[in-house]
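The annotation Mn(2+) binding site is assigned in TrEMBL to HIS110, HIS112, GLU117, HIS156. The oxalate binding site feature in TrEMBL is assigned to HIS112, GLU117. The annotation disulfide bond is assigned in TrEMBL to CYS31-CYS48. If you look up TrEMBL, you'll see 62-195 marked as domain 'Cupin type-1'. Annotation source TrEMBL lists signal peptide at 1-22.
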Amino acid sequence: MNPTLVFFIIILCSTSISICLADNDNLQDACPTNTTVTRMVFINGFPCKNPSSISSADFTTSNLKHAGDTDNFLHSSVNIVTAADFPGLNTLGLSIARTDLDLDGMVMPHSHPRASELFFVRKGIVLAGFIDTNNTLFESLINEGDVFLFPRGLLHFCMNAGYEPAIAFSVMNSQNPGVVSIGGAVFETDKLLIDKIVRRLISVRGTNMANFSKIHIQ
């Protein structure tokens, strides 16, 4: 084969690989979501506003200011804010969330297929944990000011382990982390694991949580 042709093929392949592996960095300082247009073309993200119409309001949100509704079976509420609701997040690879846990409140195991999550406790005491691919449980009792990490794609949960409502805020490294919920029937297939989690919470609280145990173990 012609040496010149071989050299050209090598250069072409290496250039193509570099292009494929390159990070998709921003081409401008910011790209707030344009919420006023109807999406006709579906892209990986949202269309940007005209730079001349960007304002400080695009980088401010009050969506996590108020407590969520915990008047439900699990006594919990999770509010995730993405670039669809907070324009300034667009193309930055970030989303935020607020979790409210009433007394004995729990967020059932779920995962975020596109993001890891930093879980910061603002108020109260929370038992947080995740389960890895070897079915090993990693859990920790976290207090006000503490941070717990939920790795990307792994099942994780949190429970109120204190005697007052708890509040936590999260940051995830995707503007659309996604949520895969695991139904109670599926999660309860591993009785020993559930029993370990609940007994840990009971030992932390040191109180009679018979009703809680009946809901989550039986």
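These residue numbers are counts, starting from 1, taken along the chain as shown.
Glycine is treated like the rest: Cβ placed from N, Cα and C.
Within the same chain, residues at least 6 positions away in sequence whose Cβ sits under 8 Å from that of HIS112 (Mn(2+) binding site) are PHE150, ARG152, GLY153, MET172, SER174, PRO177, GLY178, VAL179, VAL180.
A gap of 23 Å separates the Cα atoms of GLU117 (Mn(2+) binding site) and CYS31 (disulfide bond).
Each residue contributes its Cα atom, and for CYS31 (disulfide bond) and HIS110 (Mn(2+) binding site) those atoms are 30 Å apart. Neighbours of the Mn(2+) site: apart from HIS110, HIS112, GLU117, HIS156, residues of the same chain with C-beta atoms within 8 angstroms of the site's C-beta centroid are SER111, ALA115, PHE130, PHE150, LEU154, LEU155, PRO177, VAL179. The average per-residue pLDDT of the prediction over the domain 'Cupin type-1' (62-195) is 90, rounded to a whole number. Comparing Cβ neighbour counts within 10 Å across the disulfide-bonded residues CYS31, CYS48, the minimum falls on CYS48. Counted within 10 Å of its Cβ, the other Cβ atoms near HIS156 (Mn(2+) binding site) come to 22, all protein chains included.
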